[in-house]
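Working notes, structure below.
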Amino acid sequence: MASSSILVLMLSMLVVASAGNFNQDFDITWGDGRAKILNNGQLLTLSLDKASGSGFQSRNEYLFGKIDMQLKLVPGNSAGTVTAYYLSSQGSAHDEIDFEFLGNLSGDPYILHTNVFSQGKGNREQQFYLWFDPTADFHTYSILWNPQLIIFSVDGTPIRQFKNLESKGVAYPKNQPMRIYSSLWNADDWATRGGLVKTDWSQAPFTASYRNFNANACVWSSGSSSCSKNSSSTTSNAWLYQELDSSSQEKLKWVQKNYMIYNYCTDTKRFPQGLPPECTATNNS
């Protein structure tokens, strides 16, 4: 009985250890006081006014992981603003996995913009409406990144996957450690209706909120991965081998049928010489 109690205690400690604290896990990188960590590290807010936006980044670098963050987006008239939340490495041949939330006029839906860069090449945009108001409450936005695929999810529902198709000559992010970045900034030259709708500064400051960060991930430090040291711990690293099961594939199809508003893989005008090679592979569009 005592040993089982100890096991439960140890497991609960492991769960707590993986849950994030913004004071410990992130640095505010710009914004001159417009970014704030509150509630003993449990809440982070970014603000934007006419003078500046704000942003933060993770202290750790990761080479594969399942990253969860809860966001509550700028409410009301958020036209012209962009809230970006993404993984990225550095340099001209960088890798990047993007969530960007494009603001809109009050009552009009946010656009969730996604992209994947590998070795500096992006142009893989897919855009979605959401099936809820992302400004009314916190929702969980997740990136699963393992050697086989990348899955973007919202509240546990997959909205996009990008498979490793190196066999077809498509570069895949697998060698460059990435940090988590987030920022709130003014992009009214393009963000809302292609730049036709400008930011209404009388509504400033604009604020986005973050909580419940969790990284089940391989931390990269001094040239080695925390996962290689713990390779025997296959249960805790199950995400490293995760793929979409049939139920998740059905959810993905539902989202893409009902809420996808742009897919580079169907934009033949943009790619008159032929669609990118990953677009012709099954389940990668």
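Cβ atoms here come from the backbone N, Cα and C positions, even for glycine.
Fair warning: this is a prediction, and the values are worked out from it, not measured in the lab.
Feature list (source: TrEMBL):
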| type | residues | note |
| --- | --- | --- |
| ACT_SITE | Glu96 | active site, nucleophile |
| DOMAIN | 16-210 | domain 'GH16' |
| CARBOHYD | Asn104 | N-linked glycosylation site |
| SIGNAL | 1-19 | signal peptide |
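Contacts of the residue listed as 'active site, nucleophile' defined by a Cβ separation under 8 A and a same-chain sequence distance of 6+ are given as Tyr86, Leu87, Ser88, Ser89, Asn115, Val116, Phe117, Gly122, Pro173, Met178, in order along the sequence. Mean pLDDT for the domain 'GH16' (16-210) in the predicted structure: 96.
The residue listed as 'N-linked glycosylation site' counts 20 other C-beta atoms within 10 Å of its own C-beta, drawing on all protein chains shown.
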